[in-house]
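Below are the features listed in Swiss-Prot for this protein:
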TRANSMEM  15-35  transmembrane segment
CARBOHYD  N47  N-linked glycosylation site
TRANSMEM  62-82  transmembrane segment
MOD_RES   S386  phosphoserine
TRANSMEM  512-532  transmembrane segment
Amino acid sequence: MAEAATGFLEQLKSCIVWSWTYLWTVWFFIVLFLVYILRVPLKINDNLSTVSMFLNTLTPKFYVALTGTSSLISGLILIFEWWYFRKYGTSFIEQVSVSHLRPLLGGVDNNSSNNSNSSNGDSDSNRQSVSECKVWRNPLNLFRGAEYNRYTWVTGREPLTYYDMNLSAQDHQTFFTCDSDHLRPADAIMQKAWRERNPQARISAAHEALEINEIRSRVEVPLIASSTIWEIKLLPKCATAYILLAEEEATTIAEAEKLFKQALKAGDGCYRRSQQLQHHGSQYEAQHRRDTNVLVYIKRRLAMCARRLGRTREAVKMMRDLMKEFPLLSMFNIHENLLEALLELQAYADVQAVLAKYDDISLPKSATICYTAALLKARAVSDKFSPEAASRRGLSTAEMNAVEAIHRAVEFNPHVPKYLLEMKSLILPPEHILKRGDSEAIAYAFFHLAHWKRVEGALNLLHCTWEGTFRMIPYPLEKGHLFYPYPICTETADRELLPSFHEVSVYPKKELPFFILFTAGLCSFTAMLALLTHQFPELMGVFAKAMIDIFCSAEFRDWNCKSIFMRVEDELEIPPAPQSQHFQN
């Protein structure tokens, strides 16, 4: 019974909804019928004659004033639309039409099944947009004290934004702290230091953490003088304090390397002890996870120091050993550091081997992966590539593979070619990047531009082919070719990550909506007509009469019909009628 009652209510509801959909037509005819019946009591004929008499007595100045007022209102609407579009990137009228008027006009289906499907689709798209707009730590980030601060001293500009540094502070708290830090005074101080906004306060806290360890060791060594050496080593120095000093206080890469080596000694000891105790409880397991992150970070930064100081082969060996020792820690993206170092050594076979492992469909892509693969493909044909020869004979198989690799890379990140071709100036890369965004393009080109220049003809091939990508994806925000549609959120996130003095690259270029252009043209044309009519009323009257005569003439109608038929023939490509045999000779 309950199911029958529910079905009857649903049918009744659908009937009511259907009747309300078409009820306005009934109301319209009822109103017309009432007006016709009440035309005599309401004196509709007299009122219409009065209105026509009033309109006949109006002077041209009234129409000029009316036209000017409408032009003024249209101009105000245009200015508001332009401001709203510049600020929010969309048309206000289009947004109101889609968001509010379309549901009222029946553009949204109220069916429950459709709602459930749309909600599932929205959740999938939201999940995809969140993953695409995730901010990643730059695997090739520079050193604050030795590189970023030196840039500030020379130019007076801040290369890092507050948002970028705040993300780094969150990363440091995630990697270098754990719940048991309050049990050790030095770690408790460093836990507060990572939250400090003032760089000098962070550096002072790091020195304080090291001094506390020194004081404790001096006090406790006499108490355990008769014990073994292993017991004396139970008071290690604070590795995270050395990390902070190497990152922010050291003014050269050599000084940073010395501090990282001291951090390595302290971090390695902590890692070995926590490795033995990790199975004793969740607290020890969290501490071991923290010590692992600290050790991996130190070794990676030591390899980057060696790369900066010209010891590239040593850096490659350290990175390979680190990837073998900790294969599951992919959050640091050490393979991108390895690819850059191998390209510096021109070890292209080793680069191809690394790409074969990480350029997989199941793994997340990056500009380094895609553009390095394109560089290797271009290297095989770039020295002999010529646009003129390719246009005459066509592309060979190797050239086609290189062009497809470039198109794939450009589709993933369309901002990179402008930096590689030096069409746009480079800045120091941020500490965090947004994949497929301008920040990732800067980070890639900053380190890989020299590798592209080293391969003869690679930049020429890129210059000749990269713009062809956009013909394959005419609507990149809606549908991609080899990747997901280009995320809309990149511009907003890049403006937060990149400094204000850098002009953020926007893709695709925002074009003014047709409504704004149409309103601007109509407003300008109407205002011009109103001004000319006010200044030269007789001349404009003659001109208007002449235009009306032209449009109403028979010759114009015949010409318009002929032009329409010619366009139809061009569209349909109708072949001409064959000539008679008598006229072929």
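Cβ from N, Cα, C; glycine included.
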Counting only other Cβ atoms and using a 10 Å cut-off, which of the recorded positions N47, S386 scores lowest?
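Selected from the recorded positions N47, S386 on minimum Cβ neighbours within 10 Å: N47.
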In whole Å, note down how far the CA of the residue listed as 'N-linked glycosylation site' lies from the CA of S386 (phosphoserine).
81
Helix, strand or coil by DSSP: which one applies to N47 (N-linked glycosylation site)?
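DSSP call for N47 (N-linked glycosylation site): helix.
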According to DSSP, does S386 (phosphoserine) fall in a helix, a strand, or coil?
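DSSP assigns S386 (phosphoserine) to coil.
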